[in-house]
Amino acid sequence: MKTLTGLLLVGLLALWIGLPSTSSKILFGCGISPGNPFPCSLPGLTGNRCRRDYDCPQTLRCCNFRCSRSCRIPPVLPWSCPRNPFKCTIPGIDRCRYDYDCPGRQRCCYYSCSRICK
């Protein structure tokens, strides 16, 4: 049993050593967008205002910016979701959660009180 535990710990250590460090990277997690002009050496130090896009209102996205995550306006690209003209008080039924839930090159967009593939 001790041998198995030791091998498991050595294996995990080997995987951890092989992973790239995120502290030296410039973080900006809003899909394809310009890089974060503020490199962060201590990610998450200032506290996150969101964890995922669902935590943000309307069409804002949860992005890495400076040293924390916050709701930000995503860049408008030709294949981006259109702005949602509706202000919803009661959420609808989502038909997707992420872009990979949609067929082909469609995106999972928040539109008319729910998320749909467009």
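Each Cβ is built from the backbone N, Cα and C atoms, and glycine gets one as well.
Over in Swiss-Prot, the protein carries these features:
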DISULFID  Cys30-Cys63  disulfide bond
DISULFID  Cys40-Cys67  disulfide bond
DISULFID  Cys50-Cys62  disulfide bond
DISULFID  Cys56-Cys71  disulfide bond
DISULFID  Cys81-Cys109  disulfide bond
DISULFID  Cys88-Cys113  disulfide bond
DISULFID  Cys96-Cys108  disulfide bond
DISULFID  Cys102-Cys117  disulfide bond
DOMAIN    25-72  domain 'WAP 1'
DOMAIN    74-118  domain 'WAP 2'
SIGNAL    1-24  signal peptide
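Everything Swiss-Prot records as a feature, shown here on the structure.
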{"residue": "Cys50", "record": "disulfide bond", "Cβ neighbours (10 Å)": "18"}
{"residue": "Cys56", "record": "disulfide bond", "Cβ neighbours (10 Å)": "21"}
{"residue": "Cys62", "record": "disulfide bond", "Cβ neighbours (10 Å)": "21"}
{"residue": "Cys63", "record": "disulfide bond", "Cβ neighbours (10 Å)": "22"}
{"residue": "Cys71", "record": "disulfide bond", "Cβ neighbours (10 Å)": "17"}
{"residue": "Cys81", "record": "disulfide bond", "Cβ neighbours (10 Å)": "20"}
{"residue": "Cys96", "record": "disulfide bond", "Cβ neighbours (10 Å)": "18"}
{"residue": "Cys102", "record": "disulfide bond", "Cβ neighbours (10 Å)": "18"}
{"residue": "Cys113", "record": "disulfide bond", "Cβ neighbours (10 Å)": "15"}
{"residue": "Cys117", "record": "disulfide bond", "Cβ neighbours (10 Å)": "15"}
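Shown in sequence order, Cys81, Cys96, Arg97, Tyr98, Asp99, Asp101, Cys102, Arg115, Ile116, Cys117 are the residues of the chain, 6+ apart in sequence, with a C-beta less than 8 angstroms from the C-beta of Cys108 (disulfide bond). Spatially, by CA atoms, the disulfide-bonded residues Cys56, Cys88, Cys113 include one closest to Cys62 (disulfide bond), and that is Cys56. Rounded to a whole number, the C-alpha distance linking Cys109 (disulfide bond) with Cys56 (disulfide bond) is 13 angstrom. For Cys113 (disulfide bond), the nearest of the disulfide-bonded residues by C-alpha distance turns out to be Cys56; the candidates were Cys50, Cys56, Cys67. Comparing CA positions across the disulfide-bonded residues Cys50, Cys56, Cys71, Cys88, the one lying closest to Cys63 (disulfide bond) turns out to be Cys71. Residue pair Cys50 (disulfide bond) / Cys56 (disulfide bond) shows a Cα separation of 7 Å. Cys88 (disulfide bond) is surrounded by 13 other CB atoms, counting those within 10 A of its CB over all protein chains shown. Per DSSP, the domain 'WAP 2' (74-118) is made up of 3 helix, 8 strand, 34 coil. Note: the Cα of Cys88 (disulfide bond) and the Cα of Cys56 (disulfide bond) are spaced 13 Å from each other. Cys67 (disulfide bond) sits 18 Å from Cys56 (disulfide bond), taking the C-alpha atoms as the reference points.
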